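J.: Pasting a structure here, questions to come.
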Amino acid sequence: MRVREMQRNWQHLGRWGLLFLGILIICSAADKLWVTVYYGVPVWKEATTTLFCASDAKAYEREVHNVWATYACVPTDPSPQELVLGNVSEKFNMWKNNMVDQMHEDIISLWDESLKPCVKLTPLCVTLNCTKAIINVTSSNNTTLAPNVTISEEMKNCSFNITTEIRDKQKKEYALFYKLDVVQINNSNTSYRLINCNTSTLTQACPKVSFDPIPIHYCAPAGFAILKCNNKTFNGTGLCRNVSTVQCTHGIKPVVSTQLLLNGSLAEEKMIIRSENISDNTKTIIVQFKNPVKINCTRPNNNTRRSIHIGPGRAFYATGEIIGDTRKAHCNISEKQWYDTLIKIATEFKDQYNKTVGFQPSAGGDLEITTHSFNCRGEFFYCNTTILFNHTRVNDILSNNHTRENDTITLPCRIKQIVNMWQRVGQAMYAPPIAGKIQCNSNITGLLLTIDGGEGNESETLRPGGGDMRDNWRSELYKYKVVKIEPLGVAPTKAKRQVVQREKRAVGMGAMFLGFLGAAGSTMGAASITLTVQARNLLSGIVQQQSNLLKAIEAQQHLLQLTVWGIKQLQARILAVERYLKDQQLLGIWGCSGKLICPTTVPWNLSWSNKSQDEIWGNMTWMEWEKEIGNYTDTIYRLIESAQNQQEKNEQDLLALDKWDNLWNWFSITRWLWYIEIFIMIIGSLIGLRIVFTVLSIINRVRQGYSPLSLQTLIPNSRGPERPGGIEEEGGEQDKDRSIRLVSGFLALAWDDFRSLCVFSYHCLRNFILIAARTVDKGLKRGWEVLKYLWNLAQYWGQELKNSAISLLDRTAIAVAEGTDRIIEILQRAGRAVLNIPRRIRQGLERALL
């Protein structure tokens, strides 16, 4: 009976076991994805950061007093790297570019910084007694191209009282001033003052300061990169499909000018017109030439410079006298080159915007806006450009046949020494006169224009503009943007981290801030293969950059304070280290230090992205993937951190068990030797105890006078009185007697004990399994009965609800029908009553007549 019951139980248990095994196989067939961390992925985001400068200042000028202070920049890379990003498109917007604002602030700061140690000319705010300047004229052999106005009509000879080295004494001095720098007092023809005295303080530029522009390369710190658009016809906004990454921009000359852009970069294929809104007359239009137009500017007269002491330790440098050629300063431009350029501008406007354009001079404003202002060898020129733009229509240019090769357009120029730079109120600069003849040759590479505007006009008028120096820098930085590199990426894979296992951590390496972007256009699968290459040189790149910046900072230690560039270099150093430490901190928190690919125990949630693994790794780039899961990145990071915290807690709990941290260690050779040692000790203890008890038993029986039988003698096991030894049939034949075998030897004794222990363990285990199987079977049967009961109950209540609903509908239908019948009956009665009215009237009349 027991065997049959056991077989039945095992049949039920086998059936349920097969069912659970099938469910397990089905569940395991679906691949579960886990979050995996990747370090060194080619992903970036738009950002603003502190840029630093690189320049070859020593190659341009040995004098260290250049106003742009580029000697404080790091040296340029002799072989700059430019990495083309294949299969990458990026949006650019030159009108909202932080690089432009940053360069503008840098140039202003450098300008102000160069004037800090210079002399303040506050003592010159006194009454000036001025007369017309008398110039010693020396005839010139060639005056055909010079303006008719001489320099004597542009200058005033002024005398004034000034404090000497001894404060309580004054002396009378004289100096030549330009008419633009002085204004009359109370409309007097002889009393004048400097133009700035009622509005701003005046600082004289230091005598050794040079204003010649030196190319400045803006560079991104480690952890950031500069993206460059290489489309030859890029208009400054929109999507660029030819993108590369560079460490530094090209050399940008900080030329401060209005109307005409000087010595900038040229367009490669054709002239480019750029505007944020071409129909808005408040927006500046930037025109970039393909071919430059040469402009040669000259101050012919030969000045002498004299020093006037205006107090202890302070000197004012003024123009002493003018010797030689007294022609006015002027600029010469090739007539053919200029008019060819205007025709090309009109053609481009016709092609791009379907508008016919003409050119007119500036509509008015400050002198810096209405003229072409620029600096030439330390003197500030203001040139009248009316002759360049005085053309109502381009047809006028063509009809006048301005095609002669040797014809020259001469622009009359005026010079100012008191300059209010950057259109700021409250601060002005006095530029000391430059001795000798001044001449500078430049290339016009672009124009700053404004449009008169108007709705529905097919013809437009263009005028020269400028004044906001941001447009000057924007004309060079239009193709750049700064991005922040995000080397940490997460993606789903089938790999899961092996939890609670101790191992040595490798030394971490980084990803070079420029080189690893080379895989940006590749699919995620292809990029992940090259993670080692992409991530190898970040730390070394940072160290190299830090070394270069440190050398540049050390070069300024002789100064009392750092320049603008020095501060930026310190900021770049700190920022680079912070970026690297931040990434390494996250990797450490996640338990991924020193790993390029780091599986985790966080399951991938399909709500983050329900794309298949093949679709993700085979078709998407890392940039596309980052945009896909960008909203969930913080959530994933928190889950990884929580999982790592739990993992570390589990490791701590497991390590508390000392050597039980790894199951496989139980099968090592040293463990087996330890197991054998324990086994021998247990067997020896059992044998020793058996010997002790046997000896004690023999001694006890000897003391009682009893001699033991042979150890090989089998002693019959006496049966109880209730069980006789014979059987009833065949004369009481005896049954087989049971006997107890007395073993001989200690090994036989140990084996007998061990066998008895195994038999006992087997019986106990078998009984336990049978009880467990029977319990499980009964539980499953009870559960099945409960489910069937619940199902029957649900069916019963469903049927009841159905019957109730049908009954309710029937009653409702009956009530509606009865109500409808009553309404119809009432209407019929009312109708019959109305129809019977004439009959009742007739009957009433008949009765009345009778």
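Any Cβ shown, glycine's included, is placed from N, Cα and C.
Feature list, courtesy of Swiss-Prot:
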- Cys53-Cys73: disulfide bond (DISULFID)
- Cys118-Cys206: disulfide bond (DISULFID)
- Cys125-Cys197: disulfide bond (DISULFID)
- Cys130-Cys158: disulfide bond (DISULFID)
- Cys219-Cys248: disulfide bond (DISULFID)
- Cys229-Cys240: disulfide bond (DISULFID)
- Cys297-Cys331: disulfide bond (DISULFID)
- Cys376-Cys440: disulfide bond (DISULFID)
- Cys383-Cys413: disulfide bond (DISULFID)
- Cys592-Cys598: disulfide bond (DISULFID)
- 506-526: region 'Fusion peptide' (REGION)
- 568-586: region 'Immunosuppression' (REGION)
- 679-699: transmembrane segment (TRANSMEM)
J.: Of the disulfide-bonded residues Cys53, Cys118, Cys297, Cys331, Cys598, which one has its Cα closest to the Cα of Cys229 (disulfide bond)?
T.: Cys53
J.: Could you tally the C-beta atoms, other than its own, that fall within 10 angstroms of the C-beta of Cys125 (disulfide bond)?
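T.: Its Cβ shell of radius 10 Å holds 14 other Cβ atoms.
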J.: Just to be sure I understand: of Cys197, Cys219, Cys240, Cys297, Cys331, Cys383, which disulfide-bonded residues have a C-alpha no more than 10 angstroms from the C-alpha of Cys376 (disulfide bond)?
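T.: Checking each Cα against Cys376 (disulfide bond), the hits are Cys297.
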J.: Near Cys297 (disulfide bond), how many other Cβ atoms are within 10 Å of its Cβ?
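T.: Around Cys297 (disulfide bond), other Cβ atoms within 10 Å: 24.
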J.: With helix taken as DSSP H, G or I, strand as E or B and everything else coil, how many residues of the region 'Immunosuppression' (568-586) land in each class?
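T.: The breakdown for the region 'Immunosuppression' (568-586) reads 19 helix, 0 strand, 0 coil.
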J.: Reported as an integer number of Å, what is the Cα distance between Cys158 (disulfide bond) and Cys125 (disulfide bond)?
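T.: Counting only the Cα atoms, the answer is 13 Å.
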J.: Quick one: pull the CA-CA distance for Cys118 (disulfide bond) versus Cys125 (disulfide bond), whole Å only.
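T.: Computed Cα spacing between Cys118 (disulfide bond) and Cys125 (disulfide bond) is 17 Å.
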J.: CB neighbours of Cys219 (disulfide bond) within 10 A?
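T.: For Cys219 (disulfide bond), the 10 Å Cβ neighbour count is 26.
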J.: If you count other CB atoms within 10 A of each CB, which of Cys240, Cys376 wins among these disulfide-bonded residues?
T.: Cys376
J.: Excluding near sequence neighbours, so keeping only residues 6 or more apart in the same chain, what lies with its CB under 8 A of Cys598 (disulfide bond)?
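T.: Looking at Cβ-Cβ distances below 8 Å from Cys598 (disulfide bond), excluding near sequence neighbours, one finds Thr36, Val37, Tyr38, Tyr39, Arg497, Leu587, Trp590, Gly591, Cys592.
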J.: Given the disulfide-bonded residues Cys197, Cys331, Cys383, which one has the fewest other C-beta atoms within 10 angstroms of its C-beta?
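T.: It is Cys197 that, of the disulfide-bonded residues Cys197, Cys331, Cys383, has the fewest other Cβ atoms within 10 Å.
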J.: May I ask you to report the DSSP-based helix, strand or coil state of Cys376 (disulfide bond)?
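T.: Note: Cys376 (disulfide bond) is in a strand by DSSP.
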J.: Here's one to test understanding: among the disulfide-bonded residues Cys73, Cys206, Cys297, Cys383, whose C-alpha is closest in space to the C-alpha of Cys248 (disulfide bond)?
T.: Cys73
J.: Given the model, what does the mean pLDDT over the region 'Immunosuppression' (568-586) come out as?
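T.: Summing pLDDT over the region 'Immunosuppression' (568-586) and dividing by its length gives 77.
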